[in-house]
């Protein structure tokens, strides 16, 4: 009987967590921005490529990718660095810069390599980076072109202040560059998936009734 009571309490607890997970306050609406990191991207040509993000948004960096018929020496490869403003303005990663990603598989059989950055206040991962609202962050890469001239690709990311990042679930009418913004992501903050709570509730409710029927009257 005690074991059955413990199972009932556990099922009730999980059911309540899934119910509350559907409340708007328990989810975060995150926007995703795509940047195609190659020298044919016209947005890099002026040298002022930038995006504005909010905390919990994502940056998706797509590396150059080619068909197998393209010779290796004609492909682009990059090492991307996160740097300070001086490194950004001079395209120099050696001063207070660190390696972030490496685009080194131009013929990847699974399509272009993609690296994602989540702009979060805190991270439990050693390779993660923590961001602060109201600050700018800088990414650069540098290669030597065939003509001997240095080609610098650089991106500036501004993390908007929290008071300008109020997002309402189901309403995404703020102005974005449609070539950069990919989609919206709804992130639950607990263990219940945002698309499954209703099915899970039905499942747990059925098992709860079955367990209760087994208890002595």
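From the backbone N, Cα and C atoms, a Cβ is placed for every residue, glycine too.
Since this is a predicted model, take the numbers as computed values, not measurements.
Here is what TrEMBL says about this protein:
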SIGNAL    1-21  signal peptide
DOMAIN    30-163  domain 'Ephrin RBD'
DISULFID  63-103  disulfide bond
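Residue 63 (disulfide bond) falls outside any helix or strand according to DSSP and counts as coil. Across the domain 'Ephrin RBD' (30-163), mean pLDDT in this model comes to 89. DSSP places the residues of the domain 'Ephrin RBD' (30-163) in helix, strand and coil in these numbers: 14 helix, 54 strand, 66 coil. The 10 Å shell around the Cβ of residue 103 (disulfide bond) contains 24 further Cβ atoms across the protein chains shown.
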